[in-house]
Each structure stands twice: as C-alpha cells, then as structure tokens.
Amino acid sequence: MRRYLNPAAVLFLASVLWGSAWIPLNAIESAGISHSLLLLLAYSVASVLTAVILWRQWHRVLAHWQQNKALLAGIFLVGGLANASFSLALLEGNVVRVMVLFYLLPVWSTLLGRLFLHETVDVSKALMIVLALLGVVLVAGIQPGSDWQTNLLKTPWGTGDTLGLIAGFTYAANNILFRKGQQVALVLKAESMLLGAAFFMLLSWLWQADTQNADQLLQVSASAVLLAILYGATWLLAVSFGSQWGVSHLPASRSSLIIIMELVTAVLTAWWLGEAQLSLWGWLGCVCIMSAALLDSMSAEVSPDVKTWVPASGQFRSSPWRSD
C-alpha cells in the first residue's frame, strides 16, 4: 500500500491538518477538559500506538536505541517540548499570531544550522531573516507612524505568543537533530518526539493541579476524555507521521514549500471562523513571514538520505524518493 502513496500529497494533507488542528482542540476543550489533560491524553495515546508498531521488532529497536540513545534523548526533549508548546499555544493564544510567531522557524533553523552544522548564510538567507523579523515586529503591533507602545498594550504579549516562539525555536532544534540522525529510523525518532510531548504535558498538568483547584481539574466529562483519546489516535497520529514521512521522501526545497500550507490554512480558517484579529499592518506582517518561508524553501538544499523503518522485515532502508 505504501508504494501507492504520493509523498507530496501526504505532506500537503498533513500540513493542512496541522494548520487546522486548533479547531478540534478548541471543540474538545469546550466539551469540558483542561488544556493540559486534553493534550496529555492525546499524546499518550499517540505514543502508545506508535510503541505497538515498534513492539513487533522490539529487539532490533532496543539495539538501535542503545546505539543512538543520546540523539533520541535529545529529540525526546526538544521535539517533545516543540510539540507540547505548539499544541498548547493553539489553545492559549490567537491562532494567527501563534502560527506567525511559530514560523520564525526558518530563522532559528538558519542560525542553528550555522552554529552546529556549519552551514553557510548567503544573501537569500540573510534577506529571509530580515523579512521574518520585520513580520514579527508588525504582528506584535510596532507599526510605522503610530505609537508602538500603545499598540503593544492593545495587543499584549500573552502566554500563547511565548509558547509559539518556544515551539518554533525548539522545532528548529529538533530538525537539526533529525538531520544529524539520518541513520536512525523515522518511526523511532517520531516515538521519541511523541513520548517527549506526553512527558511535558504531564508536567504541565501536574503544575496546573498544584496551582489550581485539583478537584476542578478532575471534574472532566467522559465525552471530553473520549474525544481527546480519539484525537490522539487519529488526527494527531496522522499529522505526526504524515508530516515526517512526507518530509523524508521529498527534497527539502519542495517539502519546505508545502509545509507553508500550515500557516496558510491557519490564517484562512481563523479568518473564516472569525478568530483572526489582526490589523492591516498585522496582515502585512503575515505576508512578510510567509515570504520569508518561501524564500527559505527556494534556497533549501536537497534532502539527505533518510532511514525508514520497515516493520515487516525488521530492517532499515534508505531512500528519500521511493515509498515502496
């Protein structure tokens, strides 16, 4: 079946689902469940189902873990924090602002790539950084010909904005680790990332229980719990594997271009459902950051060879092009 999948189509669909993930998350939350518990259940279910996939070849998985445990531990931390921060940000903040701030990711990727992988920063990448930073300035309310301090107070910096920035930075760091660990099977890296997200959501839920009324946090409707589990087993699992699988089977330039659909989808769905609250200058900031992402995708290098786990054979194969 895998050979008939189109990587570009899979990545496109995964990006659209990521960009619209705020819709089911908000709907489930309104059914009577806290942010942290919702995401703890979702990521726990997704990680358990991924572990089931790996269990058939547990001895090979264990050997591979022992050979790459430092890398996988890093993905557990930064990848888990990236996913947890991003999902929480969608629930805590303005969807458009969160996605725009998250899409500073090309800036972090360039700087981290320069620092750890010794990649060059050419004119196009420098222009990309300038466009992205200009976009953030405009979205934050610092606009020409106006009292920017007043504008910032009108749209104060919130928890969702901070989480969006953290998510973008840690996701960029996670991408660096994914690229450094080309020898590690994709499903193992994905499992480390999902487990890390569940771990951070557990910490968030415990902190919330310590600072708020624990009885209120435990008063959760059964329907909300079932919806959270269903979200983790379907939507979250599909977008997690779909995005990583698609990226691993496409050149970086093409995958980076397709992934921009996350931002496009978030902006369009938020506008359509009346959740977008940006001024004209704020929308111009969105355009700047989207242009920066496009510029980054056009200057991206060809994707390296990526190892893919084949559960049936218990082997690793390396082909970023074929899906069979």
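Each Cβ is built from the backbone N, Cα and C atoms, and glycine gets one as well.
On the 0 to 100 pLDDT scale, the model's mean across the domain 'EamA' (10-139) is 85. Here TrEMBL flags 10-139 (among others) as domain 'EamA'.
For 37-58 (among others), the entry in TrEMBL reads transmembrane segment. Away from its own ends, the transmembrane segment (37-58) comes close to residues 25, 28-29, 83-84, 87-88, 91, 187-188, 190-191, 194-195, 197-198, 201-202, 204-205, 217, 220, 224-225, 228-229, 231-233, 236-237, 240, 309, 311, 314 of its chain (Cβ-Cβ under 8 Å, at least six residues beyond either end).
The transmembrane segment annotation in TrEMBL covers 70-90 (among others).
What TrEMBL records for 96-117 (among others) is transmembrane segment.
According to TrEMBL, the transmembrane segment annotation covers 126-142 (among others).
The annotation domain 'EamA' is assigned in TrEMBL to 159-295 (among others).
If you look at the transmembrane segment (162-178), the same-chain residues 6 or more away from its ends with a CB under 8 A from one of its CBs are 71, 74-75, 78-79, 81-83, 85-86, 88-89, 92-93, 97-106, 108-109, 112-113, 116-117, 189, 193, 244. The annotation transmembrane segment is assigned in TrEMBL to 162-178 (among others).
The transmembrane segment annotation in TrEMBL covers 190-208 (among others). Nonlocal intrachain contacts for the transmembrane segment (190-208), taken as residues 6+ away from its ends with a CB within less than 8 angstroms of a stretch CB, comprise 34-37, 39-40, 43-44, 46-47, 50-51, 54, 72-73, 75-85, 87-88, 174, 217, 240-241, 244.
Taken from TrEMBL, the feature transmembrane segment covers 220-243 (among others).
Per TrEMBL, transmembrane segment is recorded for 255-274 (among others).
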Listed stretch, out of 96-117, 220-243, 255-274, that has the most CB pairs under 8 angstroms to the transmembrane segment (70-90): 96-117
Other parts of the chain folded back onto the transmembrane segment (96-117), taken as Cβ under 8 Å at six or more residues beyond its ends: 19, 86, 89-90, 125, 128-129, 132-133, 135-136, 139, 155, 160-161, 163-165, 167-169, 171-173, 175-176, 179-180, 256, 262-263, 266-267, 270-271, 275-278, 282, 285-286, 289-290, 292-293, 296
